[in-house]
Structures are given as structure tokens and as C-alpha cells.
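The transmembrane segment annotation in TrEMBL covers 20-41, 77-96, 116-137, 149-172, 233-254, 384-410, 430-449. As annotated by TrEMBL, region 'Disordered' applies to 507-596. Per TrEMBL, compositional bias 'Pro residues' is recorded for 513-534. Annotation comment: TrEMBL describes 535-548 as compositional bias 'Low complexity'. The compositional bias 'Basic and acidic residues' annotation in TrEMBL covers 549-559. According to TrEMBL, the feature compositional bias 'Polar residues' maps to 575-584.
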Amino acid sequence: MLAYFDSKFYPEPSPGLTARMGVLWALTAIYILLSLNYLYLHVKHSKETPKWRSLWLARFVERPSGRFLVLNPRPTWIAVVISYGFYELFATVMFWRVYCLQRQQDGWAGVRSYNGLALFIGGWCISWSGLQAFLLTTESNDSHLLPAWLANALFIGGGACLILLHIALAAYTTVLTEELLNRYYALHENLAALNRRLSGATPTAIDLLPIKTLFQPFGRAAKRLITPNCVQYALIATLPLACLMVNIGGLALARKLQIQIKDSVSLLALQDTQHQGTHAAFSNVHAEDFASPDAGRRPSDFDTQSGSHRMISIPLANVITRTTDENKRKLSVGVASDDSGKRKPSLSTNDVKLMARHGNTRGGTAARSQARKVLALQKATRDLIAVTVCIMFIALSLFGYCIWVAWLAGTDLTYEGSWSVTEGSVMICQWIYAVFVCFAVGFLNYNAWMNGREWLAEDLPNATTNGVGVTTFGAGGAGETRPAMATTNEQRVSFISHFVDAGSVEHSVPRPADYPPLSPTSPNPPTFPPPPKNHSPTTSASSAPSSTTRREVVGERKPSAARFNLPRPHWPFPRQNSSDTISNGRRRGVGAGHAAGGSATASAIMVTVETDQVCDGDTCAVWFNDQDKAERGESGR
């Protein structure tokens, strides 16, 4: 009889229990160390100054609907993984001591009751970090998917209600379990004393009378525990479902990031197509110059002996412009072709990596910085997908596990003496968590290591890349990402060099056919309206050219009035004065990209068509296409 009761509470472990526990402990230690290493890589590659500022865990973020309580996804993930890792080590060591070393179960009963609560708190925080990020990116002044007050109430209030309810049930079941264990210990002690007194003799009815008196309270305590255990595990089964529902926000954010990356890669492909067309135009011009030199051509617009550059003609079909139809606006290469809007250039992942590493040969510094931003978005998307998919699989697996354990508790099979039931009802959830988290954290480390090793530069500032800010397009800042207007001549989204390098041999260039001569020595040079007397690089906002038909893009950085120091642009157009301007302590203009003496090889003037702007050097004005002129009642020259 004593052996029978012992087998109910201390079943004989199957062979290899210590080995299995050792493997589980090794997995737990591995993902804890990998989490610490990922945290180190995150801080190392952070552009914050100082770097530890990237480790903030929670803060309030202002949005039109209010202040969101936001959790930082990466530190939250690492904090949850490390915290539960140590809890898992503690719980599994206690399980091993109880069933392998035959220690008392009082402490283990409480740990087992609160095991699901620890998992839920971690999953709830990680899931909400993704949902909050999705809400922040989709909210705008006009639409609120979930107001800030409601999101905060669901995160704090909803989580607190589920946690408090589980704590109450866990405390109640722990008390009942402790009562059952106390009845078992009393019964075990009396049976052991009777066994010693009888010394192998057969007990009589009088000997078993005290045992019967103790057995009846033990049976009642065991029956009282069945229903609370069943209800508790049924409630625990709802906790993974709650995390799974909230985790949909992280999956939606990953989908939105993928769309944003696709749009950004399309812009890079369009820029790369323009860059190739520009090089082809240069090759054609130089080939014509060397093949059929014409002494009657006009002289250069600029004197190469003075260190300046000579203007050449670039076909307009190679320039990225803005086309318009009744429904949408889109970028295309050139304006002469009717089917230019149907062109859909694309770049592979290797092409984007090549532009990130060698952007000076594939579109300039701006292309390199934009490609790096795309790669950073891809890395963040992969991290987010790894975390959300890990949570999804863990939640689904734990849901099935909780249903099975609730069935065991309802049928009173927990204390039937089967070791497979005893070990399975406790260790399956630990193995599920350890395996999935180990794979997820391993992938995060690999992704962070490859990201820092291959293409992310260490000397780039946090908010900009080589001085090129990133402007986000779309509702609520959740659209495509493009480089904003740069501060140097080489930092342009799309650029066309209208000059050859300084100090090069001068070649004759034919006069553009569609435009009047731009040379100062021509008999009838085009006349531009003289600037006002008070005209300066810091022109007032009232004197800046404007367009009543300018189409606005949500989130677009508007050109400052101080940047307009040209008359209404005419394509191609010369710089109005060749002297450099000083702005914000930086040199701008033709000579800004060259060293003293003009010996450095760099493009003198970069021309960019960004949305409705045309930029000459660092001076931008509104670009008027044919439709704009028709709407304004003007005629093209």
C-alpha cells in the first residue's frame, strides 16, 4: 500500500531523465547567451549617441489621437527571453530535484501553477510591441485604427485582468494542491510507521483503522482539486489565443514594411535606369565629338582654363520626370515616350547590396544611402517576421498543450502514476518554448551579424545617411521611403552631370537643337529677368516662386523659401551665378565639390527632378511641366 501511494505522487522516471534535462538546460543557456549577443549587436550597430540610448524599454509617443504607451520591440523581446530563460532553468531544476531526488513537492506545486502566467506575460508584451508599432505607422490626422487611450487601456487593462484572474485561480489551486500534499504526507507517515511496526506481518482491521481515518480526507481533497485544475488550464488555453490575436498586428506591420521595401526598390531601380541612360548619353556625345569634330561649333559656355566646366547636352528622355493622369501620378523615365509610365524596372537583392556598397558607381552617394536604408528595412522586417512567426507557433502549440492538460485534470489522470503523463504535462511546454526561441534568436543573431558585416557602415549618423535624410511618404508616415533633398552636390536621388571633370581636354559639343544658345558669346543670348536688388541666397518667402497647381504628397518635405535663388526654370538651365554660396556653414555651388585648384574629379552641378522640384546644385525651384503651364495659362517656350 505504501508503494502504491508513492507511485501516484512519485512515479518512477523513465531512463534518460537527467540526459533530457541536460539537453533542455543547454538549449536554455544557449538562447540566453544568444539573446545577450543579439543585444550587444543591436547596441553596436545602433546610430544613437550614446549607443545605450537605443535600449529604452517603454515610452510615450505622441500621435493625433493621443499618447501611445510604446514598447521597444527588440529590447522587449530580449528582456522576455532572458527573464523567462532564468525562470525556466529554476522551474526545470526544481522538477528534476522532486522526481529524480525524491524531494518534497510543496515548492514545485506553486511553481507549476504559475508557469502559464510567466509565459503569458512575456507573450503579451512581445505581441503588443508589434501591434503598437503597427498602430503608430497607420495613424494619421484623418483616420485612427485604434485611439491611443483605447490601445493603452487594452494593453494595460486587458492584460491586467487576465493576469489577475489567472493569479486568483493559480493561488486557489495551489492551496488545494498543498492541502492534498499535506494529506498525502500524513498518510505516507502513518503507513511507514505501520510498516515498521508490523515488520512484514499481515495487518489486521484494527491496524488499518487509523489509515482509513486519514484516507477519507485525502480522497475528498483529491476530488476538490479536479474542477479548479480543469478550469485553470482551460483559462490558460485562452492566454495563447489572446497573444495570437494581438500578434496579428505584428504580421500586419511586417506586410506593410514589405510593401514599403518594394516601393523603395522600385525607386532605386528607376534611379539605376536613369543612371545607365545618363552614361549612355555621355558615351554618345563623346563618340560624336571624337568622330566628327566641327570647328564651327560654338565655344564652350565656360572657360576650362579657369578651372570651370563645359556644358554639354543630355537628351531629355533620360531624365526622370513626373507624369500625370486622371487617377494617379507616377515617376517615369523621359517625357517624349507615351508608354514611359509602363516601364517597370526592377532590382534584385544583390543589385541593392551592390548599390549599398558601391553606390558611387551605381547612382552616387544618394543611391548608396537609399540602398542602405532599404537593406536596413529588410533587416528589420526579417527580425519582425522571425519574432511574430515564433510567437504564432508557440501560441498554437501551447493552445493544444493546454487543452490536453485540461483534459488530464478533468479525468483525474494527473495522479495516476504514469511517468509519461507526469513528465509530458510539465515538460512539453518547456521544450516547445526552448526549441522555437532558440531557432528565432539564432536567426536574429545571424541577421544582425550579416547586416553589420556586409553592408551597414559604422560611421553613418542616426537620422541620416551621409547627410541624406529620409522622407517617408504615405498616410501616417507608413508609405514609401525616399531620400530627402541633400546638402551636397553629390547627394541626389537622381542626378545628371551637365559638365565634364575639371582639367580635362575640351571637346566641341553641338548646340542643343530644342533650346536657345546658352553661351555668353552668342549674338542673341536668352534674357533672364534680372534679380531684384535685394536678391540674396536667403530670399524671403514672399519672393519665392510658387505654383497654385503644385500637387502635394503626404509627408513630403517642402523646399524652403531660402533655397529659391533662380528664376522659373527652363530645361536645361544654367546657374545664375558661378560663385559659391555659404549656407549653414557649408560651401555650396559649383566649387563646393572640388578641392583647391579644381584638381579633384567631381561633378560640378547635379540636376535632380524630385516630385515637382528641379534642383540646380543646392538651389531648388518648382518644376513646371506642360500640364502645369496649360493650367496656369502659359505656353511653353
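Glycine is treated like the rest: Cβ placed from N, Cα and C.
The stretch from 77-96, 233-254, 384-410, 430-449 that makes the most Cβ contacts under 8 Å with the transmembrane segment (116-137) is 233-254.
Among the recorded stretches 149-172, 384-410, 430-449, the one sharing the largest number of Cβ pairs closer than 8 Å with the transmembrane segment (233-254) is 384-410. Only residues 6 or more beyond the boundaries of the transmembrane segment (430-449), in the same chain, are considered here, and those with a CB under 8 A from a CB of the stretch are 24, 27-28, 30-31, 34-35, 37-38, 41-42, 45, 81, 84, 88, 91-92, 119, 379, 382-383, 386-387, 389-390, 393-394, 397-398, 401.
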